[in-house]
Amino acid sequence: MDDLVNILKGNIAIAIGAIALLGAIGWWLFAALGGPVMDKQTARAFPLVEKTVLTENTRLFRFSVGAGKKLGLPIGRHVRLIAPAGPSKAEIFRSYTPVSSADVVGHFDLLIKIYPAPGGAMGRYLDSLEIGQTIDMKGPFGLFEYQVGKFKELGMLAGGTGITPMYQVINAILDNPKDTTRVKLIFANVKDTDILMRSRLEELAKNFPEQFSVYFVLNEPPPGWEGGSGFISEAHIKEHVGLPEAAKQVLLCGPQPMNRAMRVNLTNIGYDKSEIFAF
């Protein structure tokens with residue numbers, strides 16, 4: 001009986017080993033054939049291949065995923081970057097949503113604002129990288145994943161670099177001829193020079209007038225400004241996003257004080273908390 005038990009244990013161990021080996025081979029083939037390369041548990045180093053200065057304090061970082069491969073990130077999810085720190089400090093973790101299309105092959109783009117010390121450690125670290133240097137990442141993470149046909153309309157309230165997850169969802173919708181979801185975006189910034197991807201957003205609104213609209217709000221508007229002024233208000237939301245209706249969701253992404261204020265504004269005009277999602 002003991003011999004039989006030992007034989008069975010040995011066979012089980014062999015089977016488990018074979019399953020693990022097959023899983024590893026399957027993942028390798030999947031990645032080699034152009035499948036997703038991101039993993040939640042194990043960090044992977046991605047090399048910086050291009051850095052574009054968009055404004056005085058905003059950069060577009062392009063990272064390689066390898067020839068013929070895709071990042072494989074679901075629409076609406078984000079990646080977690082891991083930067084080293086000094087010997088007496090912990091690693092730095094920050095999450096970002098790529099602004100590049102989920103279907104792009106070979107690379108992905110992150111739009112990141114560079115803040116002065118003492119904050120903004122990750123942004124400054126990225127800005128210090130030379131082309132060819134790498135940074136570790138994990139993913140995908142996040143609770144929102146866009147699905148075609150789930151909503152008839154999406155309202156979006158974005159502030160500053162909070163435009164990045166919105167931009168990814170907007171592109172996914174407008175790039176898909178079968179997706180009829182309407183999108184209404186209000187984008188808040190301090191100055192007009194802070195408006196990220198303004199020309200691209202205006203171009204999309206011009207090319208898809210029945211499906212996408214954008215309204216800009218500035219804290220410090222220049223003379224002759226025709227958009228909104230101050231902070232996003234209930235009046236702004238009513239006019240440019242609209243009131244609640246069936247199959248409608250409002251997405252929020254900005255500084256936490258802004259998100260809290262927007263929840264109050266939305267609740268005041270009749271939105272249920274189930275109709276509001278903050279990235």
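In case you wondered, yes, glycine gets a Cβ from its N, Cα and C as well.
What you are looking at is a predicted structure, and each value in this text was computed from that prediction instead of being measured.
Of the residues THR52, THR55, THR164, TrEMBL places THR164 in the same FAD site as ARG94, TYR96, LEU111, LYS113, MET122. Of the chain residues outside the FAD site list ARG94, TYR96, LEU111, LYS113, MET122, THR164, LEU110, ILE112, GLY123, THR161 have their Cβ within 8 Å of the site's Cβ mean position. The record assigns ARG94, TYR96, LEU111, LYS113, MET122, THR164 to the FAD site; their largest pairwise CA distance measures 17 Å.
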